[in-house]
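Engineer: Got these off TrEMBL a minute ago, pasting:
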{"type": "TRANSMEM", "residues": "B:12-29", "note": "transmembrane segment"}
{"type": "TRANSMEM", "residues": "B:60-77", "note": "transmembrane segment"}
{"type": "TRANSMEM", "residues": "B:89-110", "note": "transmembrane segment"}
{"type": "TRANSMEM", "residues": "B:147-165", "note": "transmembrane segment"}
{"type": "TRANSMEM", "residues": "B:194-214", "note": "transmembrane segment"}
{"type": "TRANSMEM", "residues": "B:246-266", "note": "transmembrane segment"}
{"type": "TRANSMEM", "residues": "B:315-332", "note": "transmembrane segment"}
{"type": "TRANSMEM", "residues": "B:338-356", "note": "transmembrane segment"}
{"type": "TRANSMEM", "residues": "B:377-401", "note": "transmembrane segment"}
């Protein structure tokens, strides 16, 4: 009698728990791979953290004709000359898959890459390096948490082999609160960082978590992808002429830029100016004096990204943007320091064989090049297109990368030995 | 070691389920393992008030000692046969009982939003229990005082953070006996159902309204600068979130109580089906509303009638409605929107009563059918949702708060 009642009460709960385990552990979901082209299109410009943290949608899109555009807040500055708009309007053979938004830096991108390693193998990518990432503190733990994906972490742990790259990634992840959000995974990370293999139990646990997280991604990833940016791209494209002719477009970029920067003398777009700067501008004079992008843990994190690209033999175009020159002068940001930053980052790239670099760092004074203080707009996007278009539409020689572990060292993070005249220094 | 907000995440439920098994087996076979129950109560209190929240834990202990001593003292004064029953002693006891809560409520208003150091999660709900005990002691309804049982009542962990607000005598009767086996199985069945209904409410519906819809519509309303339809949308979304979140929480608290063989009273009874505001307050946050009815409204009415303050009974009731709801507003917090919310409901009650009297007088001409009932529900629903819009403080953010940029 008691048994029967108890079974009636608790039976359904156990059945539900069992059913949930069966559903989320089932290997069948791996076949559930269809992502409609509309969803791919929306996802490619959504800039949504869900897309960044997931796997399926990116994989399917990048197996199609999408190319990963790694970066951060600049991607959200949609205007008619934004790479996504140009690619759509002029029916290019590629479409940008925008990866990253405000606060996503190298460490986030290293983990994002784990979800698309197969899609990066021997293919192309574009990587936008923001000098503003390279602050003395480096990646902000809160921003990192916002984009932290347990799925990408388990994917990486399953494939790690104890290389310097893996050990460094584990060490950095443990410095973020996200790294300790799961106790067992944190313990596994500590072992990896110390150069040990995770224990058998940790491996089993990571495998179990990985299966569930993968299935969740397979089941839910397609849904709730915002389409507002895709619509914005369609709207912006209408302002462009039918034919792609650089000089024409450059003139148009200047015209639109002029129309949209009437409120201030910095060449900053009206919306940004009125909403974000106008009220504070008086206080901001010389506020960036002494700011340096030369000493930062970000250099080591950036090496993680380079190391992963090298492993995947990805052909990468790196873009180094300028800072709005008028703003830079007004806020007292050192031009010398920016030049040194450019040299330091170029050294890290070129000395390891990453030779496709679109260096725009000296263009911050060109009118209507920047949309606001640090983000390119109209003419800036267009000039970038001069590098992006040939890189992605023509064949590029197989790269020869040689990773130098020195770039993981703290000495490199703190290296400041660059001066204006020598060009690249060598030890 | 991890620390938990009660019913905040699945792991909390897992620990709770495991901890309750021995207690439930005992109840099933006719025993209440009181020592064990005390032990797990302490454990779950530590999970909530320990770790990073240890300061509130200290506040809770200090508060508890203070209140037990206070009620013990008043009981000592009032309970012996033929004891005195002076009004001022009673008033003093009530004032002393609510002083900590008043400090906690006023501190943020005068200290620019800073929380008082004597506050802790659930202080209001424990204060309600204390005041109720003092009032019933004065009335001679509570005839004995036992500090440990009283402590068990105040600290009953399933309801500690946000109620429902139980009554001392009712709680004690459940705590001191063990239900019959069949009756207990019925309780377990109900408890399990409540908990799962709570999952649907809190983790699905409240999540949908509160975490998915609300941020979007909030953004739209803020970007619209001023009055917009988005505010109306926000009003409904907020109301749904408020209900499903709180009702879900209450279902957990009641469900867990049932598993422990304690019939904690229900807090919500399909409030959006209410046909008028009075009906609404009989269905919404019932244990709070009944507490206010029994210990503030009724007492005020008796006081006014005894001292013949107002001539007409209607005036008495009206004034008491407004005062009653105004006090509820002040209890929510010392901001203009909580206080307006209280006044709004006070006047809604007054208007409601006037309408009901008018309707009764003109029964012959005012129709009453399914359609008018539907209309009544519609109007009540919107009046209530509007009050929640005030309550949400969103109008404050929208019109009075400094803009971030």
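In case you wondered, yes, glycine gets a Cβ from its N, Cα and C as well.
Here the structure is a predicted model, which means the values were calculated and not measured.
Locate each feature and note its surroundings.
Structural biologist: If one looks beyond the transmembrane segment (B:12-29) by at least 6 residues along the same chain, the residues whose Cβ comes under 8 Å of a Cβ in the stretch are 4-6, 36-37, 40, 43-44, 47, 178-179, 181, 184-185, 188, 195, 256, 259-261.
Distant neighbours of the transmembrane segment (B:60-77): 45, 49, 83-84, 89-90, 93, 96-97, 100, 118, 120, 123, 126, 130, 133-134, 137-138, 142, 144-145, 147, 150-151, 154-155; these residues of the same chain sit at least 6 beyond its ends, with a Cβ under 8 Å from one of its Cβ atoms.
Only residues 6 or more beyond the boundaries of the transmembrane segment (B:89-110), in the same chain, are considered here, and those with a CB under 8 A from a CB of the stretch are 63, 66-67, 70-71, 73-74, 77-78, 116, 118-119, 123-124, 127, 130-131, 134-135, 138, 330-331, 333-335.
Sequence-distant contacts of the transmembrane segment (B:246-266) (same chain, six or more residues past either end, CB-CB distance under 8 Å): 6-7, 16, 20, 23-24, 27, 32, 37, 156, 158-159, 162-164, 166, 170-171, 174-175, 178-179, 184, 187-188, 190-195, 197-203, 205-206, 285-287.
Long-range Cβ contacts of the transmembrane segment (B:338-356) within its own chain (Cβ-Cβ under 8 Å, at least 6 residues beyond either end) map to 276-278, 281, 314, 317-318, 321-330, 332, 383, 387, 390-391.
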Engineer: Using a Cβ-Cβ cut-off of under 8 Å, list the residues of the same chain that are 6+ residues beyond the ends of the transmembrane segment (B:194-214) and lie near it.
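Structural biologist: Hits for the transmembrane segment (B:194-214): 7, 13, 234, 237-238, 240-241, 244-245, 247-252, 254-256, 258.
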